[in-house]
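Asks: Below you'll find the structure I mean.
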Amino acid sequence: MSLHIIILAAGQGTRMKSELPKVMHCVAGKPLVQHVIDTARRLEPENITVVYGHKGDVVQAGVSGPGLLWAHQAEQLGTGHAVAQGLQNLSDDGQALILYGDVPLTSAATLKNFLAVSQGKLGVLTVTLDNPTGYGRIVRNDAGSVISIVEQKDATEAQKAINEINTGIMAVPVSRLKEWLPKLSNSNAQGEYYLTDIVALAVESGVDIVTAQPSFLHEVEGVNNRIQLAALERAYQQQVAEELMLAGATLRDPARVDVRGVLNVGRDVEIDVNAVFEGDVTLGDRVKIGPNCVIRNAVIANDVTIEASSIIEDARIDAFATVGPFARLRPGAHLFEKAKVGNFVEIKKADIGPGSKVNHLSYVGDATVGSNVNIGAGTITCNYDGANKFKTLIEDDVFVGSNTALVAPVTLGKGATIGAGSTVTKDVSDKQLAVARAQQRNIDGWTRPVKK
């Protein structure tokens, strides 16, 4: 039986008090609805239809991935009405899985189990709460079979005492869905077409109704306000932190590490507090990440140390290199084995060769630095003339003195030495000493100006 997934993402989310559609608010740096789409793809459905409404152009522009189908819900008339908008993409012999764009953390494992028990039946994902107030109740008969779902505003006092609630996630044979949706009525307290009313129609039709529950409560928790958004962020980060620790990483405080993408760790990795990882990041064995670091789309090899408050983006760092504290590696930076980038150093689109050092207060951009090079404090590669970028080539075993400006394009040959305070505008050959600075003058009898 083919699988069709419908994701409901049309709501405005007025309680968010935001110009942004609710489903475009983020957990772990990713829009809520993108989490749902990514999970849906792991189920390998025939198609995924996203039902959009409020600011649909923002939703369509803000999610990624090929092959999404879109259905417009011009008026928000309830969940049953929303699902009906996506029916044109569903084949009658398939099964429809209904998901919600503001319920981001449902796992693929939970959904696979749910689909397995729902084949050919009406499946309802439920959960049991100590305080079910506000949710639709699962009403069962004396035999324990589900006979209806009653929304909070329509429930009797006896029904309000039921603590098994509907999560909203359903699996339905498409042919039955097309049969039941036109029969829905909006004669209820909300004046809406409830998708949950198909349960009573299933009972009338003699269709079996089955239920399943998720492994964790946060898998079915939705977002209606920013407090709930923050709670799901913490739940997600706690889950990721536990996975990292089980994979061999030590987190100094699991509550103070944020992963906003995919983080792969080797053995005996150490991550200090307030580290943020974004995009795709790989940490090799025995990598040490200091406090307050931001690492985005980086590959960091074994035995690398990243000191406190360093920022690394789209960079590669080879084994035994060290970075920071307070260093910045921008896109295109590559530190080779045992290279060192120290405090208040910025590297952009540059290779720093094996064993080379840029220890303090320097900028190296659009450059290739060979092996065993020492770049003194305050060195700048002047790579931009206001219109174009130019490259600096520093070959092996070069020594660059402090407070030096290297005006690109320029090449420093192997073993060259640059005197401190130089502004180098011409190539320096192998093993040459270059000194390019004004001659010092000492003036006797100098009197400092005084304030008038």
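Residue numbers in this text run from 1 along the chain shown.
Just so it is clear, glycine is given a Cβ too, placed from its N, Cα and C backbone atoms.
I grabbed these lines from Swiss-Prot:
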REGION    1-226  region 'Pyrophosphorylase'
BINDING   8-11, Lys22, Gln73, 78-79, 100-102, Gly136, Glu151, Asn166, Asn224, Arg330, Lys348, Tyr363, Asn374  UDP-N-acetyl-alpha-D-glucosamine binding site
BINDING   Asp102, Asn224  Mg(2+) binding site
REGION    227-247  region 'Linker'
REGION    248-452  region 'N-acetyltransferase'
ACT_SITE  His360  active site, proton acceptor
BINDING   Ala377, Asn383, Tyr384, Ser402, Ala420, Arg437  acetyl-CoA binding site
Asks: For the acetyl-CoA binding site, please report the maximum Cα-Cα distance among Ala377, Asn383, Tyr384, Ser402, Ala420, Arg437 in Å.
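Replies: About 22 Å separates the two most distant Cα atoms.
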Asks: In the structure shown, with every protein chain counted, which of the binding-site residues Asp102, Glu151 has the densest set of Cβ atoms within 10 angstroms of its Cβ?
Replies: Asp102
Asks: Rank aside, I only need the closest one: which of the binding-site residues Asn374, Ala377, Tyr384, Ala420, Arg437 has its C-alpha nearest to that of Asp102 (Mg(2+) binding site)?
Replies: Tyr384
Asks: Near the Cβ of Leu8 (UDP-N-acetyl-alpha-D-glucosamine binding site), how many other Cβ atoms are there if near means within 10 Å?
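Replies: Total other Cβ atoms inside 10 Å, all chains included: 28.
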Asks: What residue among the binding-site residues Asn224, Asn374, Asn383, Ser402 has the most other CB atoms lying within 10 A of its CB?
Replies: Asn383
Asks: So what's the average pLDDT for the region 'Linker' (227-247)?
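Replies: In the predicted model, the region 'Linker' (227-247) has a mean pLDDT of 98.
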Asks: Tell me the coarse DSSP state (helix, strand, coil) of Asn374 (UDP-N-acetyl-alpha-D-glucosamine binding site).
Replies: strand
Asks: Measuring Cα to Cα, tell me the gap between Arg437 (acetyl-CoA binding site) and Asn374 (UDP-N-acetyl-alpha-D-glucosamine binding site) in whole angstrom.
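Replies: Distance between the two Cα atoms comes out at 20 Å.
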Asks: With Cβ-Cβ distance below 8 Å and at least 6 positions apart along the chain, what are the contacts of Gly101 (UDP-N-acetyl-alpha-D-glucosamine binding site)? List them in sequence order.
Replies: Ile7, Leu8, Ala9, Gly11, Lys22, Val23, Leu32, Val33, Val36, Val50
Asks: Around Ala377 (acetyl-CoA binding site), how many other C-beta atoms are within 10 angstroms of its C-beta?
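Replies: Its Cβ has 19 other Cβ atoms within 10 Å.
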Asks: Minimum Cβ neighbour count within 10 Å among the recorded positions His360, Arg437: which residue?
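Replies: Minimum Cβ neighbour count within 10 Å, taken over the recorded positions His360, Arg437, occurs at Arg437.
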Asks: Between Asn383 (acetyl-CoA binding site) and Asn224 (Mg(2+) binding site), how many Å separate their Cα atoms?
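Replies: Counting only the Cα atoms, the answer is 50 Å.
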Asks: Calculate the distance in Å between the alpha carbons (Cα) of Gly78 (UDP-N-acetyl-alpha-D-glucosamine binding site) and His360 (active site, proton acceptor), and round it to a whole number.
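Replies: Checking the Cα atoms of Gly78 (UDP-N-acetyl-alpha-D-glucosamine binding site) and His360 (active site, proton acceptor) gives a distance of 61 Å.
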Asks: Using DSSP, how many residues of the region 'Linker' (227-247) fall into helix, strand and coil, respectively?
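Replies: Across the region 'Linker' (227-247), DSSP assigns the residues as follows: 20 helix, 0 strand, 1 coil.
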Asks: Cβ distance under 8 Å to Arg330 (UDP-N-acetyl-alpha-D-glucosamine binding site), same chain, sequence separation 6 or more: which residues?
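Replies: Those within reach of Arg330 (UDP-N-acetyl-alpha-D-glucosamine binding site), by Cβ under 8 Å and sequence separation of 6 or more, are Glu313, Asp314, Ala315, Glu346, Ile347, Lys348, Lys349, Gly365.
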